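*Asks:* Let me begin by handing over the structure; questions about it come next.
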RNA sequence: GCGGGCGUGGCGGAAUUGGUAGACGCGCCGGACUCAAAAUCCGGUUCUGGUGACAGAGUGUCGGUUCGAGUCCGACCGCCCGCACCA
């Protein structure tokens, strides 16, 4: 019998599925639907192991749900706008459009080689005007609905490249390519009013029951609702006020300073007259816009000549600092500092020698002795040193302050969100043009809908600094749709999160002339199971949730939540290797030498084996899926991806593990195709007599069918594989001689092959045919199981003495407490351990345990 | 810095969610087949002691709750992810 021919078999079945249109689906209100979606990839040129893992997980679910009778939508597309295409243009002189198109072609072929059950007719590429035209319309609708607006905000500016830099392109305060010191610059940009839905986005998290708790918690914290108060401090010697936001109005009597952001309007005024202040502001503006950098940077302040009056204490004034840790984007861009009860304020106060006045007394502390040292007290307690608040608990004091502030017109209680509106403007070429025209007299005017889409010009160059759209000789010149005067197109493009915020809806009706048909969207949405990396836990998922609400309110959709179920997969990792010269080596460049040591393939030089880390080009610890699929086939790669780790955890790719998967596939192949045991024809009724081994295997089949289904439903694919291996281990051991064994072998192999079909679809189809079937497994329902047969008749009960295992007893299922205790006490080892003594207490739990307390 | 997660044999992991820790696999050891090797097949494999039945220890560390803790609570240590212009 011929060996299993991977390449021929896999491509043949891929072709058959495609020709039969197995995975092409239409909305059918008469059938229950299931929408499986994996996060679509950026077309970087080649698929990587992260993709293989993600798409294998999705494919198992899609094929399984189809076998379970669902009308399964499983689409794939390309998140095709983004920076790497522009970088390729700059570094290699290729056009982003051509580069992207070629990458898509190459990656589509790779995905096809994995045998994924996509409805390819629904493929979309977001850089295609037939896709992005719809989001231009959406943006205009958002504008009408008041969900989009324009305001100034700060960006990282590279003065040499004349371009805005992403945080990741700023390395140690310098542009990654130019090396120039990066500055902050204020630009007028478009924003989407995600904060309009802040409360709803927060509240609705509770209803997302099939989302991981950790993702819901991360979103909860990201939205960051905080109740507090605005306080308007009168500025000494001026008519205006300084408005601050605080979450701790109860500590107002402990205030010893105010601090404002370097970009606060008040600061500009003083910086003009004070070169040192101007220098400090400039320094702040040179630092990163990233929150992580701001928070970890040394806290610095600059004392202004301004002072503010304390709202409750006549004659008391506080100094005003400019501080590098106060964000203009949060609250009012100004704070008051209470060093005794906030660590950052305390550090600041110690540095600038400001008073530290405790106003919250910890429970049971002595007011005369309590003092704050290097650690601020942030716990609960009773207010003191605080006039009318004295004796109140923290929460009551917060309310009392808000009330008093309102009464004297100096502030009020308020809610602030950490969540900021979503800035969608990007000063880049390779993105969706923002459909706006700027007119000197009319201001920003929407492009009329009949002139959509606004398409990107093809003839651009990346040779000189700045945004190619802005530099283009003619593209931006147009006339005002409103007054007809000469006008200028918006040259910014959308953030690429814009495209990914609604693609799941486009897939419901990918060929539609509109964004998508309402009936199609109503049928398919929401996505029943969404699968992708944890790195998207906050931004992409939150933006999509926002977008769905905004689309609902603009009449596109009837739902608020796009993803009913979510699984976030872990990363694919690999060992790292360094050669004698200290340079990183690819796994393909090293091998196990004679003594078991790791050496270079080329020359046998010693290799240092490093830690297991996320696969990355920089550490060269990547394995190209193309090589694996070429050598072992897609089924083996898929099986290994599923069997070694649960999806949400990191997966370590090992050559040995892949070999193991490969050996299993071949073992199964040989057992079915090369066996001497003649199996009865398909459909032969079960014989009445079964040998004990046959009976056991038969029952195991039923148990495994239920167990594997349960494991797949719960995303425990590794245990699903383990259960199938247990079953096949039983089958490998049958010699076919006992009564009914040949029949059980047929039943067992058919069961195993059907259970494996979602995971290793090609070899499963091929074995199904070898077992004498003419149907396709892709169209075959999930096997039926008899729950009664899956139940064991006896259970093993652990017998403990003082919590230590001393014996096990085998009893009939559901044996009562008294019988359990009697049997346990009768066990020789138990008697030996008890040594004639009576247990003081006996705990017996049927089907589980007996614990004797001696 | 803030937020989130993870930690179990030599390794990846399993454990019906408070009830026999180590399923399944990898690796290793022993055996069969072979002139030999590879492949394959069979057996063993948490650690310590014991020929053995068994006994002791054991789920990052320390403490707690419980008849019983990998699982619950508190403190700590280590590693990983996110932090708004990477996608």
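Cβ from N, Cα, C; glycine included.
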*Asks:* In TrEMBL, which of A:41-51, A:52-62, A:63-73, A:74-84 is labelled motif ''HIGH' region'?
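*Replies:* It is A:41-51 that TrEMBL annotates as motif ''HIGH' region'.
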*Asks:* Hey, does the domain 'Methionyl/Leucyl tRNA synthetase' (A:36-170) touch the domain 'Aminoacyl-tRNA synthetase class Ia' (A:613-653), meaning at least 3 C-beta pairs closer than 8 angstroms, sequence gap 6 or more?
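*Replies:* Yes, the stretches contact each other.
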*Asks:* Restricting to CB pairs under 8 Å, which listed stretch, A:36-170, A:419-574, A:698-818, is in contact most with the domain 'Leucyl-tRNA synthetase editing' (A:220-405)?
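*Replies:* So the stretch in question is A:36-170.
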*Asks:* Please spell out the DSSP helix, strand and coil residue counts for the motif ''HIGH' region' (A:41-51).
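*Replies:* Taking each residue of the motif ''HIGH' region' (A:41-51) in turn, the totals are 3 helix, 0 strand, 8 coil.
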*Asks:* If you run through the domain 'Methionyl/Leucyl tRNA synthetase' (A:36-170) with DSSP, how many residues end up as helix, strand and coil?
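*Replies:* For that range the per-state counts are 68 helix, 23 strand, 44 coil.
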*Asks:* Tell me the Cβ neighbour count for residue A:617 (ATP binding site), meaning other Cβ atoms within 10 Å of its Cβ, over all protein chains shown.
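*Replies:* There are 10 of them.
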*Asks:* Between 0 and 100, where does the mean pLDDT of the domain 'Methionyl/Leucyl tRNA synthetase' (A:36-170) sit?
*Replies:* 94
*Asks:* When DSSP states are grouped into helix, strand and coil, how many residues of the domain 'Methionyl/Valyl/Leucyl/Isoleucyl-tRNA synthetase anticodon-binding' (A:698-818) land in each?
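*Replies:* Residue counts in helix, strand and coil order: 67 helix, 17 strand, 37 coil.
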